[in-house]
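*Asks:* Quick one: structure below, then a few questions.
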Amino acid sequence: MKEYKFSEIESKWQKEWEEQKIFKTENKDENRENYYLLEMFPYPSGKIHMGHVRNYSIGDVIARYKKMNGYNVLHPIGWDSFGLPAENAAIQNGVDPKKWTLENIESMKKQLKKLGFSYDWDREIATCKEDYYKWNQWIFTKLYEKGLVYKKKSYVNWCDSCKTVLANEQVEDGKCWRCGNEVHQKDLEQWFFKITDYAEELLEGHKELKGNWPDKVIAMQKNWIGKSYGTEVNFKLENSDIDVPVFTTRVDTIFGVTYMVLAPEHPLVEEILKENKDIKEKVYKMRNEDKISRTAENSEKTGVFSGKYVINPVNNEKVPLWIGNYVLMDYGTGAVMAVPTHDERDFQFAKKYNLKLKIVITPEEDEINKDEMTEAYIKKGILINSGEFNGLKNREAISKIADYIEKKGYGKKTTNYRLKDWLISRQRYWGTPIPAIYCEKCGVVMEKEENLPVRLPSDVEFTGTGNPLETSNEYKNVVCPKCGGKARRETDTMDTFVDSSWYYLRYTDSKNSSIPFEKEIVDGWVPVDQYIGGIEHAVMHLLYSRFFHKLLRDLGLLSSDEPFKKLLTQGMVLGPSYHCPDCKKYYYASEVEEGNRCKTCGKDLKIKVEKMSKSKNNGVDPNHIIAEYGADTARLFTLFAAPPEKELEWNEKSLAGAFRFLNRVWRIVLENKEHVNIGNKIEIDVKKLNKDDKNLMKKLNQTIKKVTESMEDNFHFNTAIAAIMELVNEMYLYKNSIFDNKKESNIWREVIEKLVILVSPFVPHIADELWEEAGFKGFVYEEKWPISNEEFLVEDEVNVAFQVNGKLRDAATVAKEIGREELKELALNSDKVKKYTDGKNILKVIVVPNKIVNIVVK
Ligand code: ANZ
Ligand code: ZN
């Protein structure tokens, strides 16, 4: 028997597939319905990691499965290839970011190809290439015309280490999402996309996605958009006509306001600072703190009295006006009516600065005393100290007081969104140039369509101190497209999330050079039927793409409302990390010796199973696995060890187990291939089969059923593979009893044929090799997915219970067609039954065929 030489087999079939172009997809196939399967495209870091292997293996199984189920499958891949690492490599090692990126793409492409994924490589895209980013610019200018892109000066998140601004979505717990550095605020002029115009539609769209997207992702987006219903109330600045509106969701507490707080960035604060210069320093300090920690529940609240007062319209009370760090300018109106008795943040602030407390909600039974309060009373209750509203339940009071305020003209009911416009300018080189030009005469002018793309220049310096684009005079100094006068080009580039917001559309028509994509083609594929990727993109990529999809729809470029019909978020890949808490060092598993002690200090190492990452030195290199066991084993391991949405724990033993299983499949096929009746396929008649044949056919059809069901049930590959393993066990049992005489068998042919098809989406290389060895023609990829034959699933034996006076005493497995009399005899002659009937009077024997025989005795 031939040995299972995986590396030979794998490269052989990869070559065949590529040469025969079996994964090439036409945009239309008269006989097949379109199915678009997409995995999130990789950043070309240079090396694939286990996360990629997992993500792309899951996708590949689905793509192959859908193809075999009769669909015209689109399964593309490309590169999210703009971004900081390339630029950092330029700064640190002087390499050209473009060269660095393209080389990485080449080497990662080789690695991906080694895994045998069924991509249509003809549709490959790279966002850093001109033929892609040209369309970012084109879209940008179109959106600018519609007023959906604008430039604004504002306080923005700034990361000192990445030397660029960040969108709110890209700040996590006050830190940069990329590098983990503390983010602080800078007052800068920046470009924004008007995502807030779509806030309501983005929320509304969740209804369509519910059930097809993980609840968690929908909840995260909902929370991020943060719609809240409330009231805007105008407080007047004392002795002036100036209105200072506040936004509150708790207008029921308005009689309890004891002070007001302005965000340090509030426009009124500038006016105040002109008169009251002493507080300037404090205010500037607050502006510099990062927004996220400023509003955190448990962070230190600081503030300063402005010297001014405002008047509460509902009771004409005069309350002091403060400036405080816990109020943000970009939420609501940037001003808060403070009710320390019923809001915890206000309470902490009031306690710190000795501000007044006034209770306006009291629990129904109890009573609270403001001098004894240690925290705000935030539960429900009855209104007190609230004029004509006293005695109302506070929840009801919200709408009553809001109505009253509207009637009196003090304010209006409003909704507010936490979502802010998407800040897309980046002060970096390696991204899409923003196609804007500043003319001394005409102001902001967009580059003309025929001049696109605005190309990234190569005469730039990477010093690590500023935007490299500023160093290219040729790039910066241009003539105005409108008047021909002297003008300056925008040197900001676009957030790379712009690139990834519409790449899935470009795949459908990736070579179009006159428009981003043809509408008819895109509409034939989109929405993507199944999208697969990491949950970390829940409020960045997945929200931006939904927004972009709607933008492009409104530009008339496509017809659908949502980009991704179904979403699967795969779990993380975990591995054990070895950490010495004293030396603060993470060891590679290979460095750790018996006993798990630190090599330097001898301390016990802390072992933790956690997400594989460079910083923890607990990653496993897929290239090693492929070299040692082959791509099929690597794929099988990741698919078998856990269902796709769950975490996957790296385990060398399971990897070896996957390899052993493939060898088992290899042997059962190759050792018995002469029994495969490869001639004309003959129908198998269930009635003419002997017991062993029948058994095997039953197992086969059960397996087909189980595997298919597991695929359809949220792609539970692990249970599918487990079922195939059982079938293989059964085949080994069968072969031992059957193949003593050398004959060709239809049954064996049937089982081998179906087995190979069933394993093929998971382990496609070995499948094609076995297919060929067994004598079948063509590629397994082009076969039809089998359907289980009900005829073989019919149970022909049943279990019958024998009871004496209704108590179970024995049971027997009998043929289904057994007669009543025969069944009765069987029961009466059972030794176990006899124990209870001997010496007794048998009054009655009740026979329920296929179920029970009950003997009534006395
Ligand atoms: C008075 C009040 C009393 C409030 C009370 C709450 C409880 P959500 O639900 O997230 O929309 N707020 C308004 N604008 C703010 C800003 N720019 N920065 C920080 N806080 C701001 O939150 C709305 C509530 O957050 C508003 O209702 C306001 O405080 C505060 F017992 O007004 B409330
Ligand atoms: Zn001009």
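Quick reminder: no glycine exception, Cβ is built from N, Cα and C everywhere.
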*Asks:* Any idea which of 561-565, 611-615, 621-625, 701-705 is down as motif ''KMSKS' region' in TrEMBL?
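*Replies:* The listed stretch tagged motif ''KMSKS' region' in TrEMBL is 611-615.
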*Asks:* Among 9-19, 42-52, 207-217, 592-602, where does TrEMBL put the label motif ''HIGH' region'?
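*Replies:* Comparing 9-19, 42-52, 207-217, 592-602 with TrEMBL, motif ''HIGH' region' matches 42-52.
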*Asks:* I'm a bit unsure how to read this: which one of 41-185, 610-650, 693-817 has the highest number of Cβ pairs shorter than 8 Å with the domain 'Aminoacyl-tRNA synthetase class Ia' (407-574)?
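*Replies:* Counting Cβ pairs under 8 Å, the winner is 41-185.
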*Asks:* As a test of the contact definition, list every same-chain residue at least 6 positions from Lys614 (ATP binding site) whose Cβ is closer than 8 Å to its Cβ.
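*Replies:* Set apart from Lys614 (ATP binding site) by at least 6 residues yet with Cβ under 8 Å, there are none.
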*Asks:* Just to confirm my parser: what is the rounded mean pLDDT across the domain 'Aminoacyl-tRNA synthetase class Ia' (610-650)?
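*Replies:* Residues in the domain 'Aminoacyl-tRNA synthetase class Ia' (610-650) carry a mean pLDDT of 92 in this prediction.
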*Asks:* Under DSSP, is Lys614 (ATP binding site) part of a helix or a strand, or is it coil?
*Replies:* helix
*Asks:* May I ask which of the stretches 222-405, 610-650, 693-817 has the most CB pairs under 8 A with the domain 'Methionyl/Leucyl tRNA synthetase' (41-185)?
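*Replies:* Result: 610-650.
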